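The N-linked glycosylation site annotation in Swiss-Prot covers Asn435, Asn472, Asn508, Asn528, Asn587 and is backed by sequence analysis. Residues annotated as phosphoserine in Swiss-Prot, with similarity to another entry given as evidence: Ser9, Ser28. Among the features that Swiss-Prot reports, phosphothreonine is placed at Thr12. What Swiss-Prot lists as region 'Disordered' is 1-34. Swiss-Prot lists 402-611 with the feature region 'Extracellular domain (ECD)', giving similarity to another entry as the kind of evidence. Taken from Swiss-Prot, the feature topological domain 'Cytoplasmic' applies to 1-57, 161-183, 239-295, 365-380, 633-643, 696-729 (among others). The topological domain 'Extracellular' annotation in Swiss-Prot covers 79-87, 135-139, 205-217, 317-343, 402-611, 665-674. As annotated by Swiss-Prot, transmembrane segment applies to 58-78, 88-108, 114-134, 140-160, 184-204, 218-238, 296-316, 344-364, 381-401, 612-632, 644-664, 675-695, with the evidence given as sequence analysis.
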Amino acid sequence: MNPFQQNESKETLFSPVSTEETPPRLSSPAKKTPPKICGSNYPLSIAFIVVNEFCERFSYYGMKAVLTLYFLYFLHWNEDTSTSVYHAFSSLCYFTPILGAAIADSWLGKFKTIIYLSLVNVLGHVIKSLSAFPILGGKVVHTVLSLVGLCLIALGTGGIKPCVAAFGGDQFEEKHAEERTRYFSGFYLAINAGSLISTFITPMLRGDVQCFGEDCYALAFGVPGLLMVIALVVFAMGSKMYKKPPPEGNIVAQVVKCIWFAISNRFKNRSEDIPKRQHWLDWAAEKYPKQLIMDVKTLTRVLFLYIPLPMFWALLDQQGSRWTLQATKMNGNLGFFVLQPDQMQVLNPLLVLIFIPLFDLVIYRLISKCGINFTSLRKMAVGMVLACLAFAAAATVEIKINEMAPPQPGSQEILLQVLNLADDEVKLTVLGNNNNSLLADSIKSFQKTPHYSKIHLNTKSQDFYFHLKYHNLSIYTEHSVEERNWYSLIIREDGKSISSIMVKDMENETTYGMTAIRFINTLQENVNISLGTDISLNVGENYGVSAYRTVQRGEYPAVHCKTEDKDFSLNLGLLDFGASYLFVITNSTKQGLQAWKMEDIPANKVSIAWQLPQYALVTAGEVMFSVTGLEFSYSQAPSSMKSVLQAAWLLTVAIGNIIVLVVAQFSGLVQWAEFVLFSCLLLVVCLIFSIMGYYYIPIKSEDIQGPEDKQIPHMQGNMINLETKKTKL
């Protein structure tokens, strides 16, 4: 810093003195002063911009919070497909900002770009909400509408991403740089507030509200769409107050053209007779100005450090996909509150708001007092290590979940349980195949085997013969089964004898946190069971078996049941996370129906609170990596290259999501092993980044100031030339 300069927020401390007379200037008409907020230096127009950003971020993060479970529950995609499409959408949201910036800088300007692409965003939310209406066609229609809606949302939300914050900065005069800095802090707060509130509310709209007999995804997508409409209306209301700078040209395009020309010109002049140049970018000197070439040289040094960064984002962005899927296999009952699986994502914005001041005001200062030179690159490397530890913690939790989960049938295997609905005990033997020892004990009346038994098959499908011994009777029955399935053999009275029914249970896949229930009706009349306004089950007479239905976790003390001439209520009790229940309707009295409740698959046992350490670690890593990375990048590049750096930073996020997409589709690993893989990959990348950072020589701020950053007034007489800096955000 110049010794005469004490405050960088001021343009200059001394005015140049000239001995020559200055000719009088013609008076120009005074510019109309824009309205301020409560007499401050803040333009009133920024209030509309901040509210717009809050609503837009609410719509984006709210929709995204329930997106993975929408793929699972509504479209019935598997985990890998759901993860891949989720990250493909996220990646597209970070590619489209380059398009939005190009449109704003080269054609429409920021204001019109925000308006037009917000309309595209609104249309995308409307289509996305329509894709969640079961009455609108079948699965193909829902899938097409969903993908079209997501593409429009990605174009809209990504396209305005580089425009809104910068447009707010345009509203300030240069002399109000301090207020502009505080505006950006408020803008960032609006982003996190929108994310925090939406990731808490939209899962409640999904799970606590029922429509069309299931979770109300139409409402969970519709409310964010409504917030996007509000965002557009609020932004348009401030139109007359805004400063609307005209398009200034796309610096990103200029940089790309400069690099391309330098490379092509170098290859055209490969002859040994042509003198070599000091730097490969110097081959652009025939077409581009020297200052631009110097700025691009400085830029490429920073972009080289960006090469390892996508791997960090590959881990960070799995909070909404793989970690949400993990939460569906855990128990969300915290005692004082029941947390939905997709609500765990609220921890990230909440912890960001806590960790940023904690790190800035406490941790970094303590490290500095210990005499440790904790540079920006070191902070970023530590952030990577914390993300590695977060995924190691996630792998540990996943292993514990697998230990508590019921066994899965493999190739040429089935899992079998036996339910005895007869009035006395039954001895059952599986004939042949050395399976007769699996069911050695007698099964008492209205009891079941304590767990599923694994039965081995000779082929993929097979007929099994069972010997049932009841009183003095011996009954032989035959049933067909197929590999990799769960079965219940139901023994029932048949006059003075018994018979059996083989029923396929829930398939060998998780219910993703939902509760699965079904009914067996032993009465001689049909029973209709209503589980909600739109959920109804018809159970046939004489040991009819209903289909499975999935419902939200909760207490069901009075489920409405109806026979041909009577109405009853049935107490199902607590239906817990991830469990599968069988209710056997055994009797009908004046007081109501009586049912035997049996838990086929136990509820999730691992508490969702065990995800807290991994969220805390990855969020701490995000604060150290993301915030510090942007700060470092901006300090190492000329002001003319800030927008290029922003585009490159967003590209690293997009590439990180593509990495997750590829791994999810082609790794073929079990989930805990995939978490370990990501952790190890980032650790290797962290080592590479640390080596790159070790040899990186930071550039001093005065070495990268362009002409627009300097004021060197011409002085006459014995006055001293003073160099003055402008504050850059």
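Placement of Cβ uses the backbone N, Cα and C atoms for every residue, glycine included.
Counting neighbouring Cβ atoms within 10 Å of each of the glycosylation sites (Asn472, Asn528, Asn587), the lowest count belongs to Asn472.
According to its DSSP assignment, Asn587 (N-linked glycosylation site) is in a strand.
Under the criterion of 3 or more C-beta pairs below 8 Å, with sequence separation of 6 or more, the transmembrane segment (644-664) and the transmembrane segment (88-108) qualify as touching. With a cut-off of 8 Å on Cβ pairs spaced 6 or more residues apart, the transmembrane segment (140-160) and the transmembrane segment (88-108) reach 3 or more such pairs and are scored as touching.
Long-range contacts of the transmembrane segment (675-695) within the same chain, counting only residues at least 6 positions beyond its ends with a Cβ under 8 Å from a Cβ of the stretch, are 304-305, 308-309, 311-312, 314-315, 318, 322, 377-378, 380-381, 384-385, 387-389, 391-392, 394-395, 398, 663, 667, 669.
The two recorded residues, Asn587 (N-linked glycosylation site) and Asn528 (N-linked glycosylation site), have Cα atoms 15 Å apart. Distant neighbours of the topological domain 'Extracellular' (665-674): 80, 84, 322, 325-326, 395, 398-399, 402; these residues of the same chain sit at least 6 beyond its ends, with a Cβ under 8 Å from one of its Cβ atoms. Counting C-beta pairs under 8 angstroms (sequence separation of 6 or more), the transmembrane segment (296-316) fails to reach the transmembrane segment (184-204), with fewer than 3 such pairs. The transmembrane segment (58-78) makes contact with the transmembrane segment (184-204), as judged by at least three Cβ pairs under 8 Å among residues 6 or more apart in sequence. If one looks beyond the transmembrane segment (184-204) by at least 6 residues along the same chain, the residues whose Cβ comes under 8 Å of a Cβ in the stretch are 49-51, 53-59, 61-63, 65-66, 165, 168-169, 220, 223-224, 227, 340-343, 345-346, 348-350, 352-353, 729.
Secondary structure of the topological domain 'Cytoplasmic' (161-183) per DSSP, as helix, strand and coil residue counts: 20 helix, 0 strand, 3 coil.
Using a Cβ-Cβ cut-off under 8 Å and counting only residues 6 or more beyond its ends in the same chain, the topological domain 'Cytoplasmic' (365-380) has close neighbours at 305, 624-625, 628-629, 631-632, 635, 689-690, 693, 696, 698. Listed by sequence, the residues of this chain that lie at least six past the ends of the topological domain 'Extracellular' (205-217) yet keep a Cβ under 8 A from its Cβ atoms are 66, 69-70, 73-74, 132-135, 223, 340, 342, 532-536, 550, 552. Cα of Asn472 (N-linked glycosylation site) to Cα of Asn528 (N-linked glycosylation site): a distance of 37 Å. Along the topological domain 'Cytoplasmic' (365-380), the predicted structure has mean pLDDT 89.
When the topological domain 'Extracellular' (665-674) is classified with DSSP, helix, strand and coil residues number 6 helix, 0 strand, 4 coil.
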